[in-house]
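These notes are about the structure you will find just below.
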Amino acid sequence: MSDWADALPAVRGKIVKQAELAPFTWFRVGGPADVLFLPEDEADLATFLKGLDPAVPVTPIGVGSNLLVRDGGLEGVVVRLGRNFAQIVTDDWGLTAGAAALDAQVAKVAARAGLAGLEFYAGIPGTVGGAVTMNAGCYGRETKDALLSARIMDRSGNVVTLSNAELQFAYRHSILQEKNWIVLGAAYELQEGNDPSEVIARIEEITAKRETSQPIREKTGGSTFKNPEGHSAWKLVDEAGWRGKFFGGAKFSELHSNFMINADNATAADLEGLGDTVRAEVKDKFGIDLHWEIKRIGRK
Ligand SMILES: Cc1cc2nc3c(=O)[nH]c(=O)nc-3n(C[C@H](O)[C@H](O)[C@H](O)COP(=O)(O)OP(=O)(O)OC[C@H]3O[C@@H](n4cnc5c(N)ncnc54)[C@H](O)[C@@H]3O)c2cc1C
């Protein structure tokens with residue numbers, strides 16, 4: 001870390017140098033961030049970004065449910081949005097939610113207001129910021145199917161609203177993955193006038209399904225690989241012989257063989273090594289390329 005970290009802008013939020021990131025990720029692995037910034041509010045975040053050396057990389061994180069932070073830690077600044085970025089407001093056309101709002105909470109608030117269309121968010125253990133960036137989805141629906149627009153802050157601290165089309169959504173992808181802009185919040189168009197108890201019943205169905213089909217109480221990062229066209233990633237991992245087999249302290253879950261698990265004090269290198277080994281074997285045996293869905297960030 002060089003001089004930039006000694007000349008950080010004055011802010012109202014919290015700045016932590018050499019901040020451990022493992023506790024902020026589901027895998028519970030990885031080295032420290034040079035700097036972790038927890039902004040107080042949007043104005044605080046803008047002040048920070050405007051005053052920060054433009055050459056310093058900035059990485060926003062949510063609750064780390066799709067992140068593998070490497071053991072060498074992360075260069076630059078990690079931004080984590082807190083309570084003041086988590087408001088959820090319903091309207092008759094849909095709702096707006098702050099980037100730090102949990103998807104499951106958004107699903108619940110929508111349901112209680114009789115708004116349908118975001119029930120699938122009950123199955124995704126991340127934040128709105130992560131969901132927009134990843135175009136998160138399950139059970140046949142994706143974020144792009146309900147999203148109207150997202151408010152983002154660019155690296156210079158300017159706020160812009162991007163439409164659904166401008167976000168260029170694709171399978172588990174949006175333009176934000178290339179830009180590293182920070183999502184501040186999102187607006188979703190939903191179907192009004194539903195019986196709340198019916199919407200809540202669909203949420204309960206999704207929650208129950210997840211309990212039996214995914215290792216949701218383990219240290220995991222969700223689906224490791226994207227499903228290749230015409231194939232299921234879990235089947236390829238299984239057929240390559242890697243369901244439940246250890247690589248260091250890491251393995252693919254017996255319950256869902258596309259979910260990697262930190263099963264026994266794994267390092268990030270164990271987890272990434274396992275994933276890359278399986279990718280190579282699947283390519284070798286079946287001629288199919290598996291692409292990482294989990295975001296791997298930081299120094300090896
Ligand atoms: C048990 C389990 C089940 C899962 N099931 C599903 C599923 O069914 N469907 C699915 O799609 N995913 C699933 N996931 C993966 C994960 O929950 C989603 O990708 C989620 O959207 C990530 O949100 P997050 O807040 O945890 O983001 P993080 O993991 O913290 O970050 C993910 C990416 O989003 C970026 N990001 C986060 N917040 C912001 C922000 N405010 N602004 C800009 N960029 C940001 C990060 O830089 C990173 O590139 C699952 C994960 C787990 C652990």
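Every residue, even glycine, has its Cβ placed from backbone N, Cα and C.
What TrEMBL lists as active site is Arg172, Glu293. Feature annotation from TrEMBL assigns active site, proton donor to Ser223. The feature domain 'FAD-binding PCMH-type' is assigned by TrEMBL to 28-193.
Location within the structure of each feature annotated in TrEMBL.
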residue	record	DSSP class
Arg172	active site	coil
Ser223	active site, proton donor	strand
Glu293	active site	coil
For Arg172 (active site), nearby residues of its own chain (Cβ under 8 Å, 6 or more apart in sequence)
Met134, Asn135, Ala136, Gly137, Lys226, Glu293
For the residue listed as 'active site, proton donor', nearby residues of its own chain (Cβ under 8 Å, 6 or more apart in sequence)
Ala233, Asn258, Phe259, Glu293, Ile294
What is the pLDDT of the domain 'FAD-binding PCMH-type' (28-193) when averaged and given as a whole number?
97
I'd like the number of other C-beta atoms within 10 A of the C-beta of Glu293 (active site), please.
19
